[in-house]
Every structure is written in structure tokens, then in C-alpha cells.
Amino acid sequence: MAPTLATAHRRRWWMACTAVLENLLFSAVLLGWGSLLIMLKSEGFYSYLCTEPENVTNGTVGSTAEPGHGEASWMNGWLSCQAQDEMLNLAFTVGSFLLSAITLPLGIVMDKYGPRKLRLLGSACFAVSCLLIAYGASKPNALSVLIFIALALNGFGGMCMTFTSLTLPNMFGDLRSTFIALMIGSYASSAVTFPGIKLIYDAGVSFIIILVVWAGCSGLVFLNCFFNWPLEPFPGPEDMDYSVKVKFSWLGFDHKITGKQFYKQVTTVGRRLSVGSSMRSAKEQVVLQEGHKLCLSTVDLEVKCQPDAAAAPSFMHSVFSPILLLSLITMCVTQLRLIFYMGAMNNILKFLVSGDQKTVGLYTSIFGVLQLLCLLTAPVIDYIMDWRLKECEDASEEPEEKDANQGEKKKKKRDRQIQKITNAMRAFAFTNLLLVGFGVTCLIPNLPLQILSFILHTIVRGFIHSAVGGLYAAVYPSTQFGSLTGLQSLISALFALLQQPLFLAMMGPLQGDPLWVNVGLLLLSLLGFCLPLYLICYRRQLERQLQQRQEDDKLFLKINGSSNQEAFV
């Protein structure tokens, strides 16, 4: 039996803490591909594609044999070669594609069925993916193809876990942004999971046993969701407070009414009650004569609070707006850069150390540990996006007792939307600067310097999604936020599929040398500066519009003697 929203609210701290842990262990774990790749090769996945070399002796994972490019080597008693790398990288491409592309349909499904069912499905898919990998590892020569299905389910299940956890912060009021940062940070830090599992694997624990236990832990996630997550979605901060336990059926309200609708309806009632005492005044009599009923029936509440749809741009208008198109370019380039590096990192390191598998394994573990930096970087970008917003004036807020304070000179506040655009511009400029720095360090064939590349890669990955989300929230209507974010994820995931041909080009014609691929991606990443440059122009446009509105308000005040523009209900 699913708990109610009130019960879920009482358990919100338990749900939030477990959600952070579950994100770390079960969400985007596929981003720790470098460590998983070593384990898959050590277990013989697609080893049958390799031809046994004549001059390389049998070794282990830590073998220091240095075969030439394209030659086979031994890992834990299994052959390893370029054909195997290409096939496994293709499986990673499929899984990472689903990790991003599934966002749009997930948003549609969650709007219809709520987060509970989606999270149950995601945890079940993750458990099945672990069992499929374990089953494939039992007979790798015959069942290696299962890795494609397993990684697809892994990506889908992981994104279900991430997507549903982002609804939990709605229950924490003023701490909402902090918990969103924690959820995003734990999602981005989940790349540390496979490096941690690799440490257990290197300690001698069977790969199959590890995966079976992991699947069992995913079953615990299923049970936690089953007993604690409600059927209804968690209302946002602007929605009804959980402490309200009064039933409003006597008012004829639907049980799924949102807090925003409730607020508008109750506000309408309050206005009519305040008007009731002066109903006999001339102005109200005119209103009554024009057919505007001021009664308190439930029928009268139904249509008096309709949103101003005319003020909001259409969805297609938002899709073809310059900000969205430039953000798509930025996200596509960034996603391709990050995904290619994760997929090709082992081969890049192998090229730098001339095939020393022990050193490759060490640096792969370092990369995995550094993913925990995302828990720190996610709040940083959140702070940048919220910079000075508390000092701003919200356009939706109506000034109270403005006439009484006309003689007092007040400190002029910033416009909230302009400040949000300014913050987004700074966030994107800083993030893209880090991305360019990452591209430069990748060009330098120095092994210790790659640790700096790991750090920059982690920071950019933790920054970019929060920056895009903050920009969309500032520019577009809230009703379009989910659809636009899902569309952006889908398009950037499709573009990131280019990492497979880039990997094939690096392993084939370029003979394992990533130099020219990195040069091309570095030049491509310069396109990311187009968005902050446009945001500067857009901010100036908003400032001109704000100045025009202020001049209009002064003119209205001069003509009417008051700046309080009221609308009669």
C-alpha cells in the first residue's frame, strides 16, 4: 500500500538520505566505464574476436607486456585486442545514449504516472542489468552479446533513479536548492561506483558474486520505494503546504488540485469577502450590473483564476529561440567531449604508457575517486546561479502599501530575471573556459598532467547540467521546463553518438594516437562561447525593456496620481 503525501513528508529526511546513497550506487554508474571495461576484458567479454599472438606470453590484469598497436595481449587469461575494445565501446555508446536520451520520455511518463512507478521500474531494470552481466560472465564466448542489453537497462534504470530523485527536494522548502545540488552531485559522483567495485574485484572477489550482491541491493531500493514513496508527485514550493489537513470537498475542489490553483481560488474568495462589506458602493454596483457575479459558490470559483496564457510564448517559439539553439550547441559539444573521453580514456592512457596495464588501472582508479568532487562542485554552480537573487525584486510580487510609502526613498532593487540571465552567462562562460582548459591538457602527452584533466572533466560534468537548468528556468515558462530539458538531453545524446566513429578513427587510421581527435574537439568546444556572448546581448535587451517599463510607470503615476494598478475581479 502506497503511503500518502503526508506520510511521505514525515519520512522526507529518510527518503532524501537514502536517495543520495541510491544515486551514488545505482544512477549514472555507467560513467565509471573505464573501470568496468577492465573488468569486462578480464572476464573475457568479446575475447573471441581476438587472435592469439605468437610473441606475447600469458599474463594477468597487471601484466606489463607492451604489444604494438592492434596486437592482442593477455588479461587474466583472456585475450584482449582492438576489435574487443571497439565492440565494448559500442556497448558503452548505447548505454550512455540511453542515460541522456531517455530524459524526454521519462518526463512524459512521470507526469502521467508519478515518480513511484517509474522508480520501481528503474530499480528493477538495474537489478536485471546486473544479473545479465553476471550471466554473460559465466559463458563470455557465447553470451557476450548480453552486455548490450545489460548496459541499455543499466542506463535506463539509472536515469529513472536520477530523474525521480530530483522531485524529492520539493518537500524541503528553503532547503530545496541545497537538496537539488546534493541529488545532482550524487548522480554525477556515481561514476565512483565501478572503480570501487574494481577494488573489490582486485581483492579476489568473484565478478559474478559482486554483481549478484549488487542486484540484491537494487532490490532493497525497490522495497524502499515501495514502502515510502507516494503515488502522487511531490508538490513544488509554490504548491500546497503539507501541514494543511483540511478536506476541501465541501468547496467542490478536485483531490488533485495543486497549491497554485488553491492559492488563486482562495485569493479570489478573499477578495470577494473584502468587497462584500462595501457592496453598495457605486463602483461595485457597476460591476454587478455588467454581469460580474461576486458570490461564493463553488461554480463561481472554477474559471476566475485562469492563467494568462497569452503572455507565455508557445512551445515551438521557445524551441526555435536563439537561447535554446545556442544552448543545444553548447550541450552537444560538451556532451560529445565528455563522453568520448570516458569511452576512450583507457586507450588514451594505454597509448601514453605504451601498454602498461598496471599503470592504466592505477590512473583509472584515480579518475574514479575524483568523481566524488561532483558532490562539491554541484553546490558551487548552484551558488553561482543563485548569486544575489535574494537582493532582487520579483516581477510577480505586488508591492504592498505602495501609496503609503511614496514619500520614502527606497533602495532600487535588481530585476530578478536580469540577474538570473547574468548568473547564467557567468556560469556558462566559466564552464566553457574549464572545458577549453580540459581540451588543452588532453593535448599534452604527460601522464601526471592527466590528473588535472580528470579534475577538469569532473568539474565540467558537474557544472553543465545545473547551468542549463538554471538558464531554462530563467528564460522559459515553468510549464515548458521539463519538455525543453528533455529535448535538450535527447538532441545532445544523439550528437554524442559521434563518439563511436571518433573512437574508431583513433583506434584505426590514427593508430591509437588521440592527438588529432583532441585538436578537433578543442576547436569545436570554442563554439560554447557563443551562448554567453548572446546572453550579454539578451541582458542588454532586457535592461532596455525594464527601463521602458519604469518610464511607463512614471507616466501612469503622473496621470493617475497613483502607481497602484488594480484589476477588479
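Placed from the backbone N, Cα and C atoms, the Cβ positions cover glycine too.
Sequence annotations record features per position, and here Swiss-Prot assigns N-linked glycosylation site to N55 (among others).
Annotation comment: Swiss-Prot describes N58 (among others) as N-linked glycosylation site.
The N-linked glycosylation site feature in Swiss-Prot is assigned to N560 (among others).
Per Swiss-Prot, phosphoserine is recorded for S274 (among others).
Taken from Swiss-Prot, the feature phosphoserine applies to S278 (among others).
Among the features that Swiss-Prot reports, phosphoserine is placed at S297 (among others), with the record citing similarity to another entry.
The feature region 'Disordered' is assigned by Swiss-Prot to 395-416.
The transmembrane segment annotation in Swiss-Prot covers 20-40 (among others), and the record cites sequence analysis as its basis.
Under the heading transmembrane segment, Swiss-Prot lists 90-110 (among others).
Sequence-distant contacts of the transmembrane segment (120-140) (same chain, six or more residues past either end, CB-CB distance under 8 Å): 26, 43-48, 78, 146-147, 149-154, 156-161, 164, 207-208, 211-212, 214-216, 218-219, 221-222, 225-226. Per Swiss-Prot, transmembrane segment is recorded for 120-140 (among others), and the stated evidence type is sequence analysis.
The transmembrane segment annotation in Swiss-Prot covers 143-163 (among others) and rests on sequence analysis.
Annotation comment: Swiss-Prot describes 177-197 (among others) as transmembrane segment.
Per Swiss-Prot, the feature transmembrane segment maps to 203-223 (among others).
Summarising the annotation, Swiss-Prot assigns transmembrane segment to 309-329 (among others) and lists sequence analysis as the type of evidence.
The transmembrane segment feature in Swiss-Prot is assigned to 361-381 (among others); the stated evidence is sequence analysis.
The transmembrane segment annotation in Swiss-Prot covers 435-455 (among others).
Within the chain carrying the transmembrane segment (490-510), a Cβ under 8 angstroms from the stretch's Cβ atoms is held by residues 82, 85-86, 89-90, 93, 96-101, 103-104, 328, 331-332, 334-336, 339-340, 343-344, 347, 516-517, 521, all 6 or more beyond its ends. The transmembrane segment (462-482) shares the most Cβ pairs under 8 Å with 361-381, out of the stretches 143-163, 361-381, 435-455. With Cβ pairs under 8 Å as the measure, the transmembrane segment (20-40) is packed most heavily against 177-197, out of 177-197, 361-381, 516-536. Ranking 177-197, 435-455, 516-536 by CB pairs under 8 A with the transmembrane segment (361-381) puts 177-197 at the top.
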